[in-house]
């Protein structure tokens, strides 16, 4: 993840600083009447539609989640037969099935590749250690990890910068209504798959969970649009999905399928999409996402059955429960609630501290990444070398422990995995720190979650493990490789959870492995601020329903403590990248400002007539950057009356539709309205969904400039409108929940000389920081600093 401070810094002008000083001296909310206008602005409301997507600063557009009810759409909707409606429904379920199937297959491929690559690497290390060729083992270990990291980093830096990082913040922004360029392409998908295999196999402190969410979303997007941009299938049925609204639903299903594939948690995957990434939800979408995750589980279960027969190389055995602790009998007393509360508090404090430090490190990495591709590669390779040296050398600091006959597993072991690795110890002894470090991250979690082994680990080993993964968790995330945050946070949290249980000793009745589980859950809630989905994911991971009460308490406490300090880690990344994400809850001071006052701080809205001259349309398109224009007709006869001379707000027309009409030469020699059959011969609603065409690509002759265009058939006649006296807070909630791109403001009073449209609000206009720069007296100094 990279941040471009040159583009996203928000400098303070002298006017801004002066206004902030005045705002600190007085409280406008306490000494100004709510009936008085609050137009004490110091500049014109403007927005910066730029954000960092991958390594590129891109121009950001909003998505059209609103149904564009123009005449063409209404005709198509009325003309659909029952068979076509059933085709549409059937195709939705078919795509949900394919999303789950392909996500499950690719997740299986990634798991097989990682387990085998890492497995053969660790077996080679065991050979070096047995022969006491310690230096050769270090060179081999760091060399293999170096090459694997190099492959992942080169792919991300040179071919698909958007594949670096987890991809979840960008998906969250997309489902919020922000178009993130190149996030779901075929190249990004391929690089994400190969890069995840390389990065995780290299032993870096990152997981494949975030990348799998991105992979599932890429698969969903590609299926919905019929393939990559250059090789799309022109299948007639796919035209139903050639819109942002249906693509949003498919990507939501892909996101939940990715979580399910990562954790083998179908219900947790659905809840993750609902709680964390999706802005808009409905019951039909719930059913389809659940169906997709069910398909993923069936695919994973089938391949696990195949692998249990030994046909998958070094892929380990096991069922769908990754970190099974169901063999522990959970019995606790009233006094056990105290350490559980302590774990929750520690999780909230450490989670917020982790978010704060990671924010600073990501800004530092941005300074490095700005210097070019070579510096990005060097940064990733430096982290790889440091990680490899620590993982290989630190186990030599641990003392060998004698194997206890009561241990439930073979001790010691020299296999690829195992809970009691011999490493450099004599026969009958094992190295507990090597058990945690010289293994894959999944096996490390499985080992530290191990139950009924109270004497397995030493205090110093757990402390070293926790300290190391705190450092690696901060410095690994942000390098130019596909990475996930789930597993690093689980490793850190399980470390301090197990350490706390060892310190409590006989003062608690809970198993040490259960404390590790609770510690991991608390840190996830403290950093990511998720509760319900994390609770269900951990229950499905551990297969122990008796943990439910304690897990719920830990999550609630950790989230509450973390929210007291800073936002969640994904919200911090969204802010760093400059993606205009609209929060669910508006700032309190937004209720003291009306949308009419906000519109007055903008340049006036540009309106067009229903039958407009071509030269006027071309001039407007070339000299403005607006993506929608109100259609206003003058001197209209009011239907059902004899009143004439009225002004009609016919609706809203999109820039893309105007450009499409110019390309189609939708010109009239005289100023008149067209008939329905004329429009239906020239256009279809599928063509109007294309947005790639630019006005610069359309040629209009001098004679055509003098002709006219009837815009009525292309106009959305049912745009969302709000009266100018509505508060900005209320308008923002409506804008976000409905998934709008434009919101028209109409006047409170009607009469001669009163314009039909006061203004248009977009996503950027409703962002708290943009508003506070124009009305600095509304927001307190603390709230303004929060958005900087």
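Yeah, the Cβs are placed from backbone N, Cα and C, and that goes for glycine too.
TrEMBL annotations: computationally assigned, not manually curated.
For reference, TrEMBL has these:
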COMPBIAS  1-10  compositional bias 'Basic and acidic residues'
DOMAIN    715-780  domain 'CBS'
REGION    1-38  region 'Disordered'
TRANSMEM  88-114  transmembrane segment
TRANSMEM  134-160  transmembrane segment
TRANSMEM  285-304  transmembrane segment
TRANSMEM  337-357  transmembrane segment
TRANSMEM  462-492  transmembrane segment
TRANSMEM  545-562  transmembrane segment
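Listed as Cβ neighbours of the transmembrane segment (285-304) (distance under 8 Å, sequence separation of 6 or more from its ends, same chain) are residues 92-93, 96-97, 99-101, 103-105, 107-108, 249, 252-254, 256-257, 260-261, 264, 266-267, 269-270, 273-274, 278, 312, 318-320. Recorded stretches compared: 88-114, 134-160, 337-357, 462-492; the one with the most Cβ pairs under 8 Å to the transmembrane segment (545-562) is 337-357. In the predicted model, the domain 'CBS' (715-780) shows an average pLDDT of 90.
With respect to Cβ pairs under 8 Å, the transmembrane segment (134-160) is most closely packed against 462-492, considering the stretches 88-114, 337-357, 462-492. Look at the domain 'CBS' (715-780): DSSP puts its residues at 21 helix, 12 strand, 33 coil.
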